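Novice: Straight out of TrEMBL:
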DOMAIN    3-115  domain 'Acyl-CoA dehydrogenase/oxidase N-terminal'
DOMAIN    119-221  domain 'Acyl-CoA oxidase/dehydrogenase middle'
DOMAIN    236-383  domain 'Acyl-CoA dehydrogenase/oxidase C-terminal'
Amino acid sequence: MQEQHQMIYDLVDDFGKKELLHRGYPDLERKAEFPVFFPKRLAELELAGMSFPEEYGGMDADTISTSITAERIAYYCPSDQLIWTASHGLAGFPIMTFGNEEQKKKYLPRLASGEVLGCYALTEPEAGSDAASIKASAEYSQKSGKTYYTINGTKVFITNADEASVCVLFARRKFVVDKHKAITAFVFETDGPGLKRDGISVRTIAKRCLRSSHFCEIVFDGLVLEEGDVLGNMDSGFKIAMETLNNGRINIAAQSVGIARRALHEAVEYAKVRKTFGKALITRQDIAFKLADLKTRIELAWLGTLEASRAKDAGEDYVEKASMAKLFASETAKDTALYMLEVMGGIGCTEEYILADQIFQDARITTIYEGTSNVQKMVIAKSFNK
């Protein structure tokens with residue numbers, strides 16, 4: 001790592017050890033309690049908007065730095081990492097990349113300072129991997145010379161929505177025939193956390209994974225937005241959504257590596273103290289060799305994540321590498337967490353050692369969100385036809 005990357009690693013690792021390790025797993029996770037302290041504390045460390053340009057409150061950090069940050073936070077508490085990723089990456093990235101100057105000045109410094117939290121409203125009950133099929137509508141109208149858009153529809157699995165007051169939203173203009181060109185992105189703020197505003201209702205969805213970060217359903221019923229809320233060009237929302245997700249896949253790859261490393265650590269530590277037939281599990285070759293295989297996969301997953309990060313920073317086409325990194329890292333996290341449970345045996349399934357189940361549930365979802373493993377394979381397979 002370069003010197004600045006080592007500094008980021010040391011900063012985030014120290015933060016994780018001192019402030020996240022004993023507050024995340026398993027306490028806040030068991031309660032599914034949002035870590036109110038976390039966004040503000042991250043802002044104090046200048047990490048909340050780290051990739052934003054300095055003039056908007058960030059440190060202009062490169063993708064390798066954000067990947068290091070994601071991996072280290074995820075090692076200590078993946079829920080915290082997801083809260084940060086949803087606000088900094090999914091909400092902040094499209095504003096930074098596609099927003100006009102007024103939007104950047106309005107939102108980025110406040111996201112970076114921890115004053116507000118962001119969310120990204122794309123997924124719908126019948127449109128997950130097939131994002132072009134969203135049904136949320138944006139109905140155009142004019143009044144007194146001003147342009148308005150009335151939003152109706154339902155979004156699901158939206159991270160941070162019950163705590164956010166800034167939202168990046170995707171909706172379709174009905175009269176545009178091409179479904180990929182019918183989607184427009186919007187960015188707007190509300191009267192307070194939880195997207196409090198007329199025309200919006202938010203419901204938190206109970207879940208078993210990443211419990212202290214919250215997935216939500218958002219119902220838009222006549223939300224009125226203005227022309228100044230359009231993010232990027234009209235009808236360019238699908239491109240904005242895909243570029244944001246491509247960037248986000250690197251982050252989830254890094255999260256997956258952090259979870260996998262934690263699962264491996266817990267498995268190894270347990271195998272050192274658990275004895276069967278007079279010998280510690282770690283001395284048994286079949287177990288030690290399996291753990292060695294998983295450690296090798298984890299390090300390869302990290303190298304793939306860093307390569308995707310490097311490619312993005314270099315301005316190269318990084319989409320395929322991001323999908324490869326996300327696919328390999330998430331599947332490695334899932335397999336490592338499953339073997340951790342196997343090493344622990346019955347104790348890994350008890351309430352007394354709820355940590356093991358939490359790690360497994362957190363690892364499992366990495367193969368699903370930000371594009372399932374099969375979606376990543378579809379992206380990679382496109383290269384065969386070039």
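For all residues, glycine too, the Cβ spot is worked out from N, Cα and C.
What TrEMBL says about a protein is an automatic prediction, not a curated fact.
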Novice: Under the DSSP assignment, what numbers of helix, strand and coil residues are found in the domain 'Acyl-CoA dehydrogenase/oxidase C-terminal' (236-383)?
Specialist: 126 helix, 4 strand, 18 coil
Novice: Please count the residues of the domain 'Acyl-CoA dehydrogenase/oxidase N-terminal' (3-115) that DSSP assigns to helix (H, G, I), strand (E, B) and coil.
Specialist: 85 helix, 0 strand, 28 coil
Novice: Between 0 and 100, where does the mean pLDDT of the domain 'Acyl-CoA dehydrogenase/oxidase N-terminal' (3-115) sit?
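Specialist: Summing pLDDT over the domain 'Acyl-CoA dehydrogenase/oxidase N-terminal' (3-115) and dividing by its length gives 95.
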